[in-house]
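Colleague: Under the heading NADP(+) binding site, TrEMBL lists S211, K231, T286, S345, R346, K352, G381, L382, E420. Annotated domain '4Fe-4S ferredoxin-type' per TrEMBL: 8-37, in sequence order. Per TrEMBL, the feature domain 'FAD-binding FR-type' maps to 149-271.
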Amino acid sequence: MGDVAVLKQHLIDPEICIRCNSCEAACPSGAITHDDNNYVVNAGACDFGMSCLPVCPTGAIDNWRLVPSSQAYSIEQQFGWTELPAELSPELLASQGVPEEMLAAPPEATSAEAGPTPASAVTTRLNAHVPPWSAAHPYVSLYGPRAREPWIEATVAGNVRVTNRGSDYDTHHVVLDFGARPFPVLEGQSIGILPPGADDKGRPHHARQYSVASARTGERSGFNNLSLTIKRVLEDHQGRPVRGVASNYMCDLEVGDKVRVTGPFGATFLMPNHPRSNIVMICTGTGSAPMRAMTEWRRRLHKSGRFEGGKLMLFFGARSPEELPYFGPLKNLPRDLLDVNLAFSRVTGQPKRYVQDVMRERAADLAPLLGSPDTAIFVCGLRGMEEGVIAALRDIAIASGLDWDALGTALRDEGRIHFETY
Ligand SMILES: Cc1cc2nc3c(=O)[nH]c(=O)nc-3n(C[C@H](O)[C@H](O)[C@H](O)COP(=O)(O)OP(=O)(O)OC[C@H]3O[C@@H](n4cnc5c(N)ncnc54)[C@H](O)[C@@H]3O)c2cc1C
């Protein structure tokens, strides 16, 4: 038998993956894709650029298997996996014609074929893979499939609707209490929820991710609890009726119910900690959750006098005021704490306004923040918002004389611009 080429194939562990899309969003070669079941890597398109590694909150991304190149696992095979295949032994690889020296140091890359163009290549280039320099150090994956305990049980301490009744946009503020068990989180992190039951193939439901909406010291200061902002999913992204598994489970919970939680997750989308830092928060819908967390932590710092004047600017979009979570409390926050800018796209008799429109209107105030090394920008919510937001940031920067290419690179490399869209 002639010598056979070997490939160190990049794979994603379906048991740990929380389907957060961070890897797919970060991959510039479009090698990562997903179906309803799994996130997978196309061996023919992966160029081993490794942009996906630092953004994965769980480590599911960091898996490799030596295989004869001609037998690389296809994406169709990977879509069907519930766990990673076992490693092929050196003996088996050798028996298939892989030369010994290649087993010692296999080539990492296949010849990368042109992969599909990723949906948001501009975001991929701009999204930071490091946290802001002053962010606190996060704990990640304390509970999960590869941790000492697969989950932590939390008790529901509250569940209230935060969008107006009567509208079909039903969003809940859910408070989870961890009792005496440790579950430390920072603003910007998320947690996994394991819904009970099984999918239509009889497999346990995989975890769904939800951003923490409360400050690090608890939803109620000093309590070991946190809050989530959860939209009840009743139609899919194409508008077809569905009943989302985890969101409906969470929105229907009652006080005292027990919930299985994994995490915490996220080591980059983190609030800067120095009190002079400016934070520009741009969000739609439940993308407001991490913004609520950051605002609340700043409010607590403000109250305690440990605040040195960094600005908080919020751009918040929804179809109508009725669909805006936390609309009431937002209006009551002091202007010197939070500069609130709302955009509504479907109010009868009024022109459509999106977050990027309001950002452009506030260009005079945004431009100095963009030029400051103390500014961090966070974008969270609907995936469709990214393009318009980036265009608005670019236009505002250029109009004020800033070099957008240099600024974009600095924002990214210094961990000062973060996208979390789903
Ligand atoms: C980093 C991160 C943070 C997140 N934070 C939040 C958060 O704070 N609050 C929140 O409500 N959600 C958040 N999500 C989305 C959340 O993880 C779930 O995807 C969402 O709740 C749907 O889960 P489900 O089990 O109800 O629906 P599924 O049963 O998983 O899906 C049912 C159908 O609905 C579609 N679908 C999935 N999600 C949505 C959606 N958001 N809108 C419309 N259709 C959808 C699916 O494609 C599928 O066809 C976050 C996601 C990520 C990756």
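Every residue gets a Cβ built from N, Cα and C, even glycine.
Mind mapping these onto the model and telling me what they sit next to?
Modeller: The number of other CB atoms found within 10 A of the CB of E420 (NADP(+) binding site), across every protein chain shown, is 25.
Broken down with DSSP, the domain 'FAD-binding FR-type' (149-271) shows 7 helix, 47 strand, 69 coil.
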Colleague: Would you pick out, from the binding-site residues S211, T286, the residue whose Cβ has the largest number of other Cβ atoms within 10 Å?
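Modeller: When each Cβ's neighbours within 10 Å are tallied, S211 leads.
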Colleague: Cβ under 6 Å from ligand 1: which of the binding-site residues S211, T286, G381, E420 qualify?
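Modeller: The qualifying binding-site residues are S211, T286, E420.
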Colleague: Under 8 Å between C-beta atoms and at least six apart in sequence, can you list the same-chain neighbours of G381 (NADP(+) binding site), or say none if there are none?
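Modeller: Counting only residues 6 or more apart in sequence, the Cβ neighbours of G381 (NADP(+) binding site) under 8 Å are C283, T284, G285, T286, G287, S288, G317, T421.
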Colleague: Only counting partners 6 or more residues apart, tell me which same-chain residues put their Cβ under 8 Å from the Cβ of R346 (NADP(+) binding site).
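Modeller: For R346 (NADP(+) binding site), the qualifying residues are R319, S320, K352.
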Colleague: Grab the pLDDT values for the domain 'FAD-binding FR-type' (149-271) and give me their mean, rounded.
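Modeller: Taking every residue of the domain 'FAD-binding FR-type' (149-271) together, the mean pLDDT is 94.
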